[in-house]
Amino acid sequence: MSGLKNSPFGKRLRASQQETDDDTPRRNRPRMNPIFGVSPAGSATPSLDSRPTTSSDSSGGPDSPVDPPRIARDYGDRFVPSRDTGDMRTSYHLMEQEPSTPSKKNRIIPSESDALKEQANALFSSILHTEVTPPSPHRPSSPTRPPVASTSATVTPSTPTRRRLFAYSSPSHSNPSTPSRRLDTPTDEAYSMSPVRAQSRQLLESPRRQLRSVCKTPYRVLDAPELAEDFYLNLVDWSSTNVLGVGLGTCVYLWTAHNAAVSKLCDLGKSAGSVSSVSWVQKGSTLAVGTLSGALHVYDASTLQLIRSYPQAHSQRIGAIAWNAHILSSGSRDRLVHHRDVREQQMRPFKRCQGHRQEVCGLKWSSDGGPSSANLASGGNDNKVCIWDLRGSRRAAAGLPNAGRPVPGLSNGDDTGPGDIPLWKFHEHTAAVKALAWDPHVSGVLATGGGTQDKHIRFWNTGTGTMLNELDTGSQVCNLIWSMTSHELVSTHGFSSTTAQNQICIWKYPTLDMVASLSGHTNRVLYLAMSPDGETIVTGAGDETLRFWNAFPKKESGEKERDSRLDYGKLIR
């Protein structure tokens, strides 16, 4: 209010009141306002911040002088855009952008048509680069700005030299510096009827990279009641004799592929606990079965007979089993990896390895050698991957600390050699590592997949202990397996941060381009196996179904195999 009293309006109001105070007593004087006039009896004096009313008394009066003044703004009748001074690549967003890590909300496993879209987008980007910014040899160089002279230096004016505007030359001149006439060439772009340049036409006319077609539906679906939905179990495996072994509850069933016959291998009973892992030997009909109680059994599937039994192989459940010829390796929740020779009848393992602080949920032997040269990869719930060399680690041979020391918790007399120290230990994963797969085409390359909090597939060179590449799948990686007929990798997935879940993806290595994405399971795809011919994969999930997919082409046979001299049918005339 202090500002209102000192305003011109307040000063005029006080001056008018002082003039009337001398003639009329204050009580009998009507309330006078010099601006709004005499207010009638019983009516209130309008406030200074009120707006003019629509009554008859104030309809003809002026507006309130305290209304905020309206600022007049000048608007032009033209719009002149501000144009960037950048080059054409910047204006058309053609700058090479660095690959940014997508957020969790934007991560999504590619669909089955993404491979075609990526190929088309790459072709369009190449042509757009060629049309907007043609190659520099065919484009005149941009003029350069002359250097700015200093103010202290005196610049002497120079007379420009005379230059001929038109120059004529004969084709018979042999001067190499004389430029050739481009319109004399019949194949010049000026005579072309195509709207794009010659380089773009070459890209369009070049043959496309043929994408391998993969059937998106399974050709067979089998019911698998009581197939456990547990990320840490391995209940499906396919043998070299074309027999599929599946652990259902306390039983193990065999499904013969060539006649679709089903037989029960064993029933462990409730006292022994449910089946937690199954694994076939590389060549033959021997099947190893691990249980939740820590027991380990070895069966001959051809005769359905029990060969070996280790009732106390581990103190807790056995979630991972791997074979290397006659060496049987088992990983358990007790954090230990045991190695047994099934040719011997002794119950105790000949070697025990401890490199994980939590459950061992993945085991895979490399296939590039026998027991004397192969390495073992183990993945644990502690997010670590260990590489073991049973011949004795090179790191242990170098005299590192703790080399050859007994493993804590083992009784005296247990064999603990240099192999107890892992050859390499990888710490990059941020979730449990169950998915492990050795590349059959490149020696020493290992692929590993992380769980829900990781969602990455990483590739390692176990010879140098370095990571070769990584792939963010955006979903939990449950299993990995390499193709035997092509350099491709299959991954199965579960929980995802996007709408795409429970997918089966095929990736091209080393470009990591997606070849196909298969869907059909309604639960996490926790189990994966491949047929001995390398053409078919089988997947199992918590929806209690097994689905068979034609994922890979047939293995190409050589000319010597097709025209073998041992084929006596061709020699009969």
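Glycine too: its Cβ is placed from the backbone N, Cα and C atoms.
What TrEMBL records for 46-64, 147-160, 169-180 is compositional bias 'Low complexity'. According to TrEMBL, the feature compositional bias 'Basic and acidic residues' maps to 70-87. Taken from TrEMBL, the feature compositional bias 'Pro residues' covers 134-146. Here TrEMBL flags 222-549 as domain 'CDC20/Fizzy WD40'. Look at TrEMBL and you will find 1-108, 130-203 tagged as region 'Disordered'. Residues annotated as repeat 'WD' in TrEMBL: 353-398, 426-470, 518-550.
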Over the repeat 'WD' (426-470), work out the mean pLDDT and round it to an integer.
95
Quick check on the repeat 'WD' (518-550): DSSP residue counts for helix, strand, coil, in that order please.
0 helix, 19 strand, 14 coil
Quick test of the contact rule: Cβ under 8 Å, at least six residues beyond the ends. What residues does that give for the repeat 'WD' (426-470)?
107, 231-232, 320, 361-368, 375, 377-387, 476-482, 484, 487, 489, 491, 494-497, 507, 509-510, 512
Would you mind splitting the repeat 'WD' (426-470) into helix, strand and coil residue counts from DSSP?
0 helix, 24 strand, 21 coil
